[in-house]
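The heme b binding site annotation in Swiss-Prot covers His63, His92. The feature domain 'Globin' is assigned by Swiss-Prot to 2-146, with sequence analysis given as support. Annotation source Swiss-Prot lists N-acetylvaline at Val1, citing similarity to another entry. Under the heading phosphothreonine, Swiss-Prot lists Thr12, citing similarity to another entry as support. According to Swiss-Prot, the feature phosphoserine maps to Ser44. Taken from Swiss-Prot, the feature N6-acetyllysine applies to Lys59, Lys82, Lys144. The S-nitrosocysteine annotation in Swiss-Prot covers Cys93.
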Amino acid sequence: VHLTAEEKSAVTTLWGKVNVDEVGGEALGRLLVVYPWTQRFFDSFGDLSTPDAVMNNPKVKAHGKKVLGAFSDGLTHLDNLKGTFAQLSELHCDKLHVDPENFRLLGNVLVCVLAHHFGKEFTPQVQAAYQKVVAGVATALAHKYH
């Protein structure tokens, strides 16, 4: 991902304020509510029958935290996202058979959640930088797909 020095600073400054546990669970939960077909990858998570059930599901929260932990790692390797996410790409492609479009959807949901949490601090410039990052991460995660 090519970011200007200003964009990198905007991304890392805001990310330093993110509660990964909270935002991760909320982002994954919103993905599952807004795009219900994505729930098929989470059969083992128990009750996903209503928006409240999804948003309060401890397994959704735990996996969201894990997902955002990987995203955090990616932020420290913006110049090598494909390498950083190679193993996760392989896992999601070969073993889990996740539609790579879902990575793009989750990235966009994450941007919405950040906007919700940070309000005026999440300026159009910050959003533009984050859109570049989530697009780069989605592309890296889709890299192993044939």
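Every residue number used here counts from 1 along the chain in the order it is shown.
Cβ atoms here come from the backbone N, Cα and C positions, even for glycine.
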Going by C-alpha distance, which of the modified residues Val1, Ser44, Lys59, Lys82 is nearest to Thr12 (phosphothreonine)? Val1
What is the separation, in Å, between the Cα atoms of the residue listed as 'S-nitrosocysteine' and Lys82 (N6-acetyllysine)? 14
C-alpha of Lys82 (N6-acetyllysine) to C-alpha of Val1 (N-acetylvaline): distance in Å? 10
Model confidence over the domain 'Globin' (2-146) (mean pLDDT, whole number): 88
Reduced DSSP assignment, the residue listed as 'N-acetylvaline': coil
Cα of Lys59 (N6-acetyllysine) to Cα of the residue listed as 'phosphoserine', in Å and rounded, measures 9
So which of the modified residues is most packed in, judged by how many other Cβ atoms lie within 10 Å of its Cβ, out of Thr12, Ser44? Thr12
Do me a favour and check the Cα-Cα span between His63 (heme b binding site) and Ser44 (phosphoserine); whole Å is fine. 12
